[in-house]
Structure formats: structure tokens, C-alpha cells
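Remarks on the structure that follows.
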């Protein structure tokens, strides 16, 4: 499978929007616009890497907006113009060398997974692909408040982002076209002789440029929602040690759980359940065991990340349910603390967090005390 990276362009000042706060940090559904945009790509199962390109003065704003989205690459600073910023972003990816790169406006927070799918799919056959909408309105060219000409709209398209490219091709094109001030990245590849395909765009994938655009996005964002159910399952074997960590609670035990992180099986199962609600892959995609950053890591990082993806998409966690399978240790004395800890991480009421336990009647690996297993179910709601 091709390695896909996403560059989120958020280095502009948004002069047409007005105000002191750049538009990408204005709030939509109580969260910064840019956070929603980042989360859409971080949650996509085929996007392996996400990096923002930001203004040098926006480090603190970006840090607050991206807080809790643990899998993002470090942001890079942009240049004087959008084209400069994108080139710098592309250069920053040379060490990871993706096959494809998606370049997206930070102020398009309502991009959906199906549109991203279409762009990625087109790159198998074309060096570039962009989402676009056929022009439906009659077009007029005029000056001084008067119509000078009616323009034939046949074959005209409104370009959107994410604009997708084979990485080597768009990097070479940006290097060759530096300083030419082209209006989008497709134009950069075109100028270098590359072919760019069109795929279906989406009306809701509009760029927020004015306050009226933000009001429209807010109406779409807060529309009637849908419910999603996800499930997760995890197992960790028991080895040397004198405690186990279950749902964030350290419990004395004759053995310890073995794993790359803290081996918190029920919290891992719950993380997978939440990611499943979003069709966002599994915990191993977001936090691969090959990455030493997560060696011995507190699993609350993983769970908080999954919850942040849901919140950034305008969703709410309605309830979660976890069952721990083990003979020992006894879970009952720790159940209330487990529920409270999970509720704290997920920022929901403990009444929405069910923690249960069962034995397997001394059958199987859990019955023999070789490991601990857990299964989890989550119910969330997302706006349409």
C-alpha cells in the first residue's frame, strides 16, 4: 500500500476574514477550525503522516489547537506566500519520503473521508488529482458595475483541496516553479508539464474565508447527527513483575503485563473501539510498536488521542463498556477508580463508563493465568 502524507496549509493571515485572530484558529463547534481539519486527516485509515505548515507567530495557537492529537508530525513554519509555504512543507518530508502527498487548506474543516478516498485512488493512474465542482451558475465578466460579457461555463470547474500528487513529482515541480506565484498546487504541476485528474468534490468542503462562511460551516457542523458503534479487543501476556495496570489503575499482582507500552489491555481495547467508530484504523496504526516514542508509554495518551479525534469531528462519546477477562487480580475492589479514571480521560460522566470483569472458569490462557484479555464497546454520535 502506498504511503500517504498530508500537508495542512495554515500559515496565512486571513485578511479577508478580519479580526486579530487568524481564521484557522477561529472556533467551529467550540474548537479551532484547524483542529477539525487536522483530525479529519489523522483519523483517515490511509493517511500515515499529517503535518501542519504554520505562521512563525502562531506556535502557541497551533499548540493549543493540536493538543491531544498525538500522532501529528511536528509543524513546520511557512514562507511569505502560500506557494513558498507548500514548498517548505514538501521539503520537510524528504526524510520520510511518502509515495503520495495530499495538500489541503487548513480552513476547509469539513472535508470527508470519501473525498479523500477519491483523490488517493486517482493517484494510482495520474501524477496529480484534485477534487472539483462543475460550475453551475451563469458566469459574467464585468467592470464598473456593468456586465461586459457572458462567459461560457462549459468545461469550467471550481477547484478544491486536498490536492493529491505523487510526492517526487510535486516536489520537483515546486522546486522548478519557485517564485512564480501560481494560485494552487495543481497549477504548479501543470506548469511543470504534469497531468492532473479531476475527481468529484463536495459542496460542504468549502473554504472558510469570511465570517459568513464560518456561520454556514457552523450550521452544517451542528446538523442532525448519526450514531456509530465500535468494538475492540486486546490481550497481553503475564510475565515478571509485581503489578498490572488496568484502565489506568496500578494493581499489585504476582506478575506483570508484558507489552511495548504499559500493556494496559482494557484501555487498548477501548481505544480500538473508539477508533472503530471512526473507521480510523487501529491503535497499531496510530501508535506503531516499532516507534520507540511509545516504549513504556502511559496508555492514557492513546485513549486521549482517540477521544480527541471524535471531539474534533464534532462528535460526542455517549457511553463505553469494558469487560476484563482474568482469574486474578480481582477487579471488583478497583472498578470505581477505573471508571473514574476513564471518565477523566474521555471527559465524560463516570455514569457513562461501565467496567465489568469475568473469569473464563479456568479455561484457556486467561484461566491458566498466562495473560489478561479485555473487550470494549463504544457508542458515539457524529454530525452528518
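Numbers here mean position along the shown chain, with the first residue as 1.
Including glycine, each Cβ sits where the backbone N, Cα and C put it.
Annotation comment: Swiss-Prot describes 1-227 (among others) as region '2-C-methyl-D-erythritol 4-phosphate cytidylyltransferase'.
The region '2-C-methyl-D-erythritol 4-phosphate cytidylyltransferase' annotation in Swiss-Prot covers 1-228 (among others).
Annotation source Swiss-Prot lists site 'Transition state stabilizer' at 16 (among others).
As annotated by Swiss-Prot, site 'Transition state stabilizer' applies to 23 (among others). For the recorded site, residue 23 (site 'Transition state stabilizer'), the DSSP three-state label reads helix.
What Swiss-Prot lists as site 'Positions MEP for the nucleophilic attack' is 153 (among others). On its own chain, residue 153 (site 'Positions MEP for the nucleophilic attack') has 135, 136, 137, 138, 139 as residues at least 6 apart in sequence with a Cβ closer than 8 Å to its own Cβ.
Note: residue 207 (site 'Positions MEP for the nucleophilic attack') has non-local neighbours 105, 107, 108, 160, 161, 213, i.e. same-chain residues 6+ apart with C-beta under 8 A of its own C-beta. The secondary structure of residue 207 (site 'Positions MEP for the nucleophilic attack'), as reduced to three states from DSSP, is coil rather than helix or strand. Sequence annotations record features per position, and here Swiss-Prot assigns site 'Positions MEP for the nucleophilic attack' to 207 (among others).
Under the heading divalent metal cation binding site, Swiss-Prot lists 234, 236, 268, citing sequence analysis as support. If you take the C-beta of residue 234 (divalent metal cation binding site) and look for same-chain residues 6 or more apart in sequence within under 8 angstroms, you find 265, 266, 268, 269, 272, 373, 374.
Under DSSP, residue 365 (4-CDP-2-C-methyl-D-erythritol 2-phosphate binding site) is assigned to a helix (H, G or I) in the three-state scheme. Counting every protein chain shown, the Cβ of residue 365 (4-CDP-2-C-methyl-D-erythritol 2-phosphate binding site) has 15 other Cβ atoms within 10 Å. The 4-CDP-2-C-methyl-D-erythritol 2-phosphate binding site feature in Swiss-Prot is assigned to 234, 235, 236, 260, 261, 282, 283, 284, 358, 359, 360, 361, 365, 368; the stated evidence is sequence analysis.
In the three-state DSSP scheme, residue 260 (site 'Transition state stabilizer') is classed as coil. According to Swiss-Prot, the site 'Transition state stabilizer' annotation covers 260 (among others), on the basis of sequence analysis.
Sequence annotations record features per position, and here Swiss-Prot assigns site 'Transition state stabilizer' to 359 (among others). Under the DSSP three-state reduction, residue 359 (site 'Transition state stabilizer') is assigned to coil, being neither helix nor strand. Residue 359 (site 'Transition state stabilizer') is surrounded by 14 other CB atoms, counting those within 10 A of its CB over all protein chains shown.
Take the Cα of residue 260 (site 'Transition state stabilizer') and measure to each of the binding-site residues 236, 283, 358, 365: the nearest one is 236. The shortest Cα-Cα distance between residue 359 (site 'Transition state stabilizer') and any of the recorded positions 23, 236, 261 is the one to 236. Mapped onto three states, the DSSP output places residue 234 (divalent metal cation binding site) in strand. Here the binding-site residues are 261, 358, and the one ringed by the most other CB atoms within 10 angstroms is 261. For residue 268 (divalent metal cation binding site), the count of additional Cβ atoms within 10 Å of its Cβ stands at 27 [all protein chains shown].
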